[in-house]
Amino acid sequence: MINTCLLNLQVTDPMNISEPDSSFAFIREFILLGFSYEWKIQSLLFSLFLTIYALTITGNGAIICALWCDQRLHIPMYIFLGNFSFLEIWYVSSTVPKMLVNFLSDKKTISFVGCFLQFYFFFSLGTTECLLLAVMAFDRYLAICRPLHYPNIMTRHLCTKLVLICWVCGFLWFLIPIVLISRMPFCGPNIIDHVVCDPGPLFSLACVSAPKTQLLCYSLSSIVIFGNFLFILGSYTLVLTAVLHMPSATGRQKAFSTCGSHLAVVSLFYGSLMVMYVSPGLGHSAGMQKVATLFYAMVTPLFNPFIYSFRNKEIKAALRKLLGSFNVM
């Protein structure tokens, strides 16, 4: 249940946002608790998170460079993968730098504007990732189930258009609910017991109840998560059926290798997302929320480069070629 401040005030419908009452003592900054332990543990966590962040940037950056330098990989499948790696760099960068600063800070504060900017970019990039994973599943469906028509359907023009649609829709999807939440009055306390500025804690800190805004926020989350997940599930059901009917064992192995990597990423990402944003009424503990958020905000972007390159001969060859060019210099 959303906590409300004990103030005797007349509140208008939160979906029809008006100028807040001047009697509220407005919050100018939040305290983002994150993981508040003794200094030694804070230092250990800082080192761990910094290492994960550096590996994530390096791994995804290496895939982008390898795909960019190898002309043979300038095809839709790898264009999508390159955009996905680029997205992961920005996705992890929307939250982890602030976490690192908070580990070394006693105050652990984040400004009101900074909190909602983090909220916007974190959710927008997450939505873009959901859409991009669905587009990548569609690409694999066409390549395996419609191999003769694939070159004519998945052209460079369509590939570019799909990537742009993912980015634009991702950054527009949560814009209205974030604006509505940011215009709600927050009168204290200002402590967010989380690692990021998340809608759940923000709703609990608001001075007024906003059931319609909360319903809108979680409805949009459910639509983008379940809608894309069901689309991916349907695509890979058709792919699996087609693969099992392939006469060539080599073709089946190659198809399973490509699709297996993508399904592993989908499972990691969507599993933790569904726990957090599709079941707000379960009353998850603060500790569980933090762990689940870290899983899809840090662990998944870290593993993605290894998952996609581990069983992909083309990417491994491109990475070896890239490393070889650095050794020559």
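Here the Cβ of each residue, glycine as well, is placed from N, Cα and C on the backbone.
According to TrEMBL, the feature transmembrane segment maps to 44-68, 75-91, 111-138, 158-180, 223-244, 256-279, 291-310. Here TrEMBL flags 59-308 as domain 'G-protein coupled receptors family 1 profile'.
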Within-chain partners of the transmembrane segment (75-91) [C-beta distance under 8 Å, separation at least 6 from its ends]: 56-57, 60-61, 63-64, 67-68, 121-122, 125-126, 128-129, 132-133, 135-136, 139-140, 143, 154, 156, 158-160, 162-163, 166, 258, 297, 301, 304-305, 308, 314-315
Remote residues contacting the transmembrane segment (44-68) - C-beta distance under 8 A, at least 6 residues beyond either end: 35, 37, 74, 78-79, 81-82, 85-86, 88-89, 92-93, 96-97, 99-100, 103-104, 298-299, 301-302, 304-306, 308-309, 315, 318-319, 321-322
Across the domain 'G-protein coupled receptors family 1 profile' (59-308), average pLDDT on the 0 to 100 scale: 87
